[in-house]
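Quick look at what Swiss-Prot annotates:
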- Arg41: L-glutamate binding site (BINDING)
- Ala75, Ser76, Trp99, Thr147, Asp166, Gln189, Asn231, Thr232: pyridoxal 5'-phosphate binding site (BINDING)
- Lys190: N6-(pyridoxal phosphate)lysine (MOD_RES)
Amino acid sequence: MKKHNFNAGPSILPREVIEKTAQAVLDFNGSGLSIMEISHRAKDFQPVVDEAVALFKELLNIPEGYSVLFLGGGASLEFCMIPFNFLEKKAAYLNTGVWAKKAMKEAKAFGEVVEVASSAEATYTYIPKDYTVPADADYFHVTTNNTIYGTELHEDLDSPVPMIADMSSDIFSRPIDVSKYICIYGGAQKNLAPAGVTFVIVKNDAVGKVSRYIPTMLNYQTHIDGGSMFNTPPVLPIYAALQTLRWIKANGGVAEMQKRAKEKADMLYAEIDRNKMFRGTVTDKADRSYMNICFVMNDEYKDLEADFLKFATEKGMVGIKGHRSVGGFRASCYNAMPKESVQALIDCMQEFEKLH
């Protein structure tokens, strides 16, 4: 039976990315060695990093003066590195979910943190829009897609100060005006690669402005100067990321990824809105995520939640259980998710509806 992988992360990767990475695990570039056992300074590996950086810049139209870094530690480490490197006195944060809240918590150790707005009172079921960013803030931090709650910023915001964004779960799913940001970062295990590598796009001249001492490994300048090679980088995930970047380019680039994402999301949201048994959880439909589609049983069918989960699992659906903090269901439809799998979930929902 075909499995349909709706996991929120680590998550689905294009089949050809898995196959090419698997081949490299057995024999990298005809070297007779696995990519897991070569030196990161081997002559065959530097071109992997160089091409991955070049494709990042090409696909996202990154302006001159920015570096692309491949680091470790996940977005969770970036929550600390961001204020360490950029917060001198005051930073502004938009609180749209657990991950934004965690980022804010880390920033408070380095300076004043202004929460410009929050949707916590509504369990983060919408993205606040009525707020003012302080003009004297060092930066304005946003989380562009909220995997737990299914909300997403579909366009870059305007800000009177430089912006920083956690784009862990929607990178390469839409065009970005990178010039609005001094830093874009994320864990790669949702839309780019297997777990283990963190991507950072950083504006070079924004680094080195704070007065505090920054430990070597937490200083972006270290990694800019070292070309992501100051210490041993996550070799295998970087290689897989390169294969994904090639796949995105071969499949029409970021604009095509956005088109496909909207088509898949529209299909599933239409069924959620039509089906008598389900309802969406996001209160403002304009905020509905294309990446993580969250829904619950309507109240009169609430006692059938476990039955639907079992039914869907038997039909090959994987990873549709909602996050433990909110319950319900979540279908993560990242770039690699085929439309056929979304249709399979819709068919499953319709079949379950007919049974009840």
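Every residue, even glycine, has its Cβ placed from backbone N, Cα and C.
Structure coloured by features recorded in Swiss-Prot.
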residue : record                              : DSSP (3 states)
Arg41   : L-glutamate binding site            : coil
Ala75   : pyridoxal 5'-phosphate binding site : helix
Trp99   : pyridoxal 5'-phosphate binding site : helix
Thr147  : pyridoxal 5'-phosphate binding site : coil
Asp166  : pyridoxal 5'-phosphate binding site : strand
Gln189  : pyridoxal 5'-phosphate binding site : coil
Asn231  : pyridoxal 5'-phosphate binding site : coil
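In sequence order, Ala8, Gly9, Trp99, Ser168, Ser169, Lys190, Ser289, Met291, Asn292, His323, Arg330, Ser332 are the residues of the chain that are 6 or more apart from Thr147 (pyridoxal 5'-phosphate binding site) and have a CB within less than 8 Å of its CB.
Residues near Asp166 (pyridoxal 5'-phosphate binding site) in space but far in sequence (CB under 8 A, at least 6 apart, same chain), listed by position: Ala75, Glu78, Trp99, Ala100, Ala103, His141, Val142, Thr143, Thr144, Tyr185, Gly186.
For the binding-site residues Ser76, Gln189, Thr232, a Cα to Cα distance of within 10 angstroms from the residue listed as 'L-glutamate binding site' holds for Thr232.
Of all the binding-site residues listed (Asn231, Thr232), Thr232 has the fewest other CB atoms within 10 A of its CB. Same-chain residues at least 6 positions away in sequence with a Cβ under 8 Å from that of Gln189 (pyridoxal 5'-phosphate binding site) are, in sequence order, Gly9, Pro10, Ser11, Ala195, Gly196.
Considering other CB atoms within 10 Å as the measure, the emptiest surroundings among the recorded positions Arg41, Lys190 are those of Arg41. Sequence-distant contacts (6 or more apart, same chain, Cβ under 8 Å) of Ser76 (pyridoxal 5'-phosphate binding site) comprise Lys102, Gly187.
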